[in-house]
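Pulled from TrEMBL, these are the features on record:
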type	residues	note
DOMAIN	A:5-183	domain 'Guanylate kinase-like'
BINDING	A:GLY12, A:PRO13, A:SER14, A:GLY15, A:ALA16, A:GLY17, A:LYS18, A:GLY19	ATP binding site
Protein chains: 2
Amino acid sequence: MAKEGILLVLSGPSGAGKGTICQELLRTYPGLHYSISATTRKARVGEEHGVNYWFVSHDEFQNMIQDDELLEWAEVYGNFYGTPCRQVKQLLNDGKDVVLEIDAQGATQIKRKFPQGVFVYIAPPSLDELANRIHKRGTDSLDAIKNRLSCANNELSYVHNYNYVVVNDKVQVATNKVAAIITAEKCQVVRNCNIVKEILTNIK
Amino acid sequence: MAKEGILLVLSGPSGAGKGTICQELLRTYPGLHYSISATTRKARVGEEHGVNYWFVSHDEFQNMIQDDELLEWAEVYGNFYGTPCRQVKQLLNDGKDVVLEIDAQGATQIKRKFPQGVFVYIAPPSLDELANRIHKRGTDSLDAIKNRLSCANNELSYVHNYNYVVVNDKVQVATNKVAAIITAEKCQVVRNCNIVKEILTNIK
């Protein structure tokens, strides 16, 4: 039986850079998989079913909730978003590592169902820098910026729920730290019962 | 105040390669320091006080034990060996990381006094491979080899006391894993109270 993979949960306020770090990890960390979310919102131009999201109907989504098929879910502006269990569990059982990029409330739900997950909080170097980054994007209205910063404050208050905190000062350094966290977690004695058992049974 | 450094404790049976990994880490991991042991045995040709060991008298060693100045100590063939607290604690307080290469009994003593240490067990790929490596050294008599293997069995039975287990199949791969463990431990939320406090107090 393959050793179970690692479920890596990345959170952090908007502008902390968790999306960029997630993409860098997927590009560089061998055998890491991205968990595709399910959503009831309509696909935008260029988005593909099974690539960007699993696009499902409201009824299908409600069934997934009732059948406990979601690791977590949330409603945002009338649309539902969630993480289907089945694909994630299949990958983990096959010994593959999976990364999820998710907000703090979602991470809290996952931690209840899957405490052996690795919960990493991506923090901005400072709140001023976070505000700078959101301003620099230049795509948001002033109200949207205020809303993002208020959400950021809410996200930041969850940092204690995580196992690790990585300050994203430079993307490459932060990505290397998250990669080190995956590698280290794979070496934990509690995740290597097979190796430990083998060592102990071979003692003559 | 500098963030406290990591105390890395490396153990593993003779022949598992912990000495080589320790040297590689000291060569490549920025700012890692080696803790110099104290011993009552005589210095061999080429060995220097304060470099290879702190060479002390029996009386001095007994005083260190009585004054609780040793993180751990042991008597081996009439000679005493131990890890002085003061230098290790000073380095850690200054935010420097310290590596100790030590047997399982010594690691157990340290864990009692210093549970926030990071305990890494270096395991051979197999006991057969361990026997091969000890044979290949060619420096030991048959009795010495038997003795080493018997000690190895004893060492292996302690694996459960450690946080991490790294199988040393290839030195470079194993060294990279131990380096990742140090990096990951530095990101643990429980070791970053200052950052977490700063994040939480800056929330507006």
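Glycine is treated like the rest: Cβ placed from N, Cα and C.
Bear in mind that the values here come from a model prediction, so they are computed numbers and not experimental data.
A 10 Å cutoff on Cβ-Cβ distances gives A:PRO13 (ATP binding site) a total of 26 other Cβ atoms nearby, all chains included. Of the chain residues outside the ATP site list A:GLY12, A:PRO13, A:SER14, A:GLY15, A:ALA16, A:GLY17, A:LYS18, A:GLY19, A:ILE122, A:PRO124, A:LEU130, A:ASN168 have their Cβ within 8 Å of the site's Cβ mean position. Of all the Cβ atoms in the protein chains shown, 28 others lie within 10 Å of the Cβ of A:GLY12 (ATP binding site).
For A:GLY17 (ATP binding site), other Cβ atoms within 10 Å of its Cβ number 23.
A:GLY12 (ATP binding site) falls within neither a helix nor a strand when secondary structure is assigned with DSSP, and so counts as coil. In the three-state DSSP scheme, A:GLY19 (ATP binding site) falls into the helix class.
Neighbour counts of Cβ atoms within 10 Å were compared for the binding-site residues A:SER14, A:GLY15, and the top value is held by A:GLY15. Sequence-distant contacts of A:GLY19 (ATP binding site), defined as residues of its own chain at least six apart whose C-beta falls under 8 angstroms from its C-beta, comprise A:GLU101.
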